[in-house]
Amino acid sequence: MSALDTTAAPGQEATAAATEANGKRPFPGGSPRRQQQNGDPASRGGNRRQKPPKKKFKGGRKPNAVTEGTSEEVLLADIQDLLSALKIKQENATAVALSEPVLMRNSHADVKALAGKHAAEADADRKQRQQDEELAQEEEEEEEDLPEPGTEIELDVVDLSSTGEGLAVQRTEYSLLESEAQKRGRRRRRIYVVSFAVPGDIVRARVYRHLSQPRSVPGETAPPPTYSVADVLEVVRPSPELRDPSGDDSRRVRCPYFGRCSGCQYQMLDYAEQLRIKRRVVARAYRHFSQLPPESVPPVQDTVPSPLQYGYRTKLTPHFDGPPGFRRKNKVGATLTAVPDIGFMAKAGTAAAGGGARTTLDIEQCPIGTPAVVAGLARERARVARDYATYQRGATILLRESTERRYKSRNDDDNKGDDDDDGNNNTGAAKPGASDEVAAAGAPSSDAVVVDTDAYTDTKTCITDNNATSTEYVDDYVFTNPAGSFFQNNNSILPALTAYVRQNVVRPVRTATKATTEEEAADEDGRTPLRYLVDAYCGSGLFTIALASTLPGGSIGIDIAEQSIAYARANAALNHLPSERCRFVAADAAQLFAGVLTYDADETVVVLDPPRKGCDAPFLRQLLAFAPARIVYVSCNVHTQARDVGMLVRGEVNWGPGTNPPLPPQNGEDGGQGDDAGKAEKRTPRYEIESLRGFDFFPQTAHVESIAVLNRVDLV
């Protein structure tokens, strides 16, 4: 990694001079507390020592009772893991250091003398602990002896958070065999969070800020750890294991903004290493957030790679800020007086962010965007440069790829959407080949990217109108969507994803047989065969349509958004799927099993693909009450997935104190339907995790898509 801007921050010269003279903070003779401990006459006597001005620490957000899978929650969990590991490593190293002389000396006198030394050290430690307790109240007001913001320090990067940040410790503190005096003088380790650094790096960094977390967390016995943020100025010694052996990051990094832009974290890493890291992310998510014992979580399978590591992203949303003060309430009249920076957020805490948390970095190109999207970015930048004086506010720009496919053989059955035989395509969704829709989106022909294959020719353009219709192809299926709505942003890996889900909606054969269908396998294993597939949070119908022929009873997709369901029905028609094979219902997912679905749970598999926040409590309770035979959970946030899967495996929805009411009645129970209503006993489902696997939808970033396959093992 090349060195970033090392220009001294305002006031840094004085801080640096004081640091050089005193080692850490600008207090003559060290911090006031240490002056008192060392017998400094200015801090002894009848007068209580004067406290230094209290440092201002940025407080972390108060934790919620419910895990939200936020970056802050994930980072804190990883920091706590590292602190525990360092503590164990320190204790082991100390034990080795103390036992070594005993192994080297044989005389009884030496052993006796060493025992006396240990006793003296134990007595000194006891006195030190007593002194620590006396100073505890003062330490509530005076934080650790930390370097001032703006100070430059050297750090050892020792771990990598699941958020993509490096976790580091100050080099002067990271000595496992440091003296006992040093150990007593240091209350606890301080973890520094540094971006664009990997384990094994030694970096020179500028301290950005210190964060202080709440003193207590509901339900926790200890407060969450505090930490500091630092900006990497230079990689003093690159990691010999993770960085390019030549020491030249430019052989892997393709983006001129890497190290400043917040979009990518891993461009300096070999792709195979990125996949290993993301496998670890899935494993750590289940360790930290599932609340399951280790034996209930199977080993995570290898991460499925993306066929494209660059040029894969079919949607980007750069933005620009408005005139100064445009966020003020009722601020009107001001317009931009110069071309604004157009791009993505600079990484907070870096020199590129100017020491702040919100700075837009001007981006002229983005190598993870598809060629059509990159062309659209250039076009939109030129448009804003031409029209900037008309803007009174900032704006977000949509860049969405859309594909027009022409098959070369007119006899090819895959020419879907070229006719409208059933007359059901009346939602305004574009059909493949509808060039008028593309033209309406304002994409000139000069932006078109043509991809030619033996079977078809794809013309890819960039749509910028949120209300226009985009068209995507996944294998032999075609999907239309509102350009501004959600659809997976890496088309290159979608065939592998749908194939994996298709493979796992059916149960694996437990015995060596010649069974080729779900019915045959179920018959041989003595199980009820699966017949129905339910796609909750279906959107425009990706899994509902792609998996419609997997089970004999077909598939049903449910989504709360009426517009998504309208497009899903149009997509089913485009793919020539009859309603008895593939149908869609607009309904709240939480009410799905209570009022919509009449399938037999023993014959049903449910596919979940919720938003980043995961499933809500009402839906999870309905799901447990229905108790489908199988669940395939697809998630773009493995941490909320781990939370939800943990509740499904435990058979209880624990959403904070007092939020775990009994499961809703099922058909045949109290309040249910049928002749036996009220007679059946309440059943509690229990699920096991059959498999866990990550899919690398976003190479060069810390994000990983995760799929958990759950199998109902009994009802107790």
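Any Cβ shown, glycine's included, is placed from N, Cα and C.
D559 (S-adenosyl-L-methionine binding site) carries a strand DSSP state (E or B). If you look up TrEMBL, you'll see Q488, Y537, D559, D609 marked as S-adenosyl-L-methionine binding site.
The compositional bias 'Low complexity' feature in TrEMBL is assigned to 1-21.
The annotation compositional bias 'Basic residues' is assigned in TrEMBL to 46-61.
As annotated by TrEMBL, compositional bias 'Acidic residues' applies to 133-153.
If you look up TrEMBL, you'll see 1-71 (among others) marked as region 'Disordered'.
Look at TrEMBL and you will find 114-153 (among others) tagged as region 'Disordered'.
Among the features that TrEMBL reports, region 'Disordered' is placed at 402-446 (among others).
The feature region 'Disordered' is assigned by TrEMBL to 656-680 (among others).
The record assigns Q488, Y537, D559, D609 to the S-adenosyl-L-methionine binding site, and the maximum Cα to Cα distance across that set is 16 Å. Reduced to three states, the DSSP call for Q488 (S-adenosyl-L-methionine binding site) is coil.
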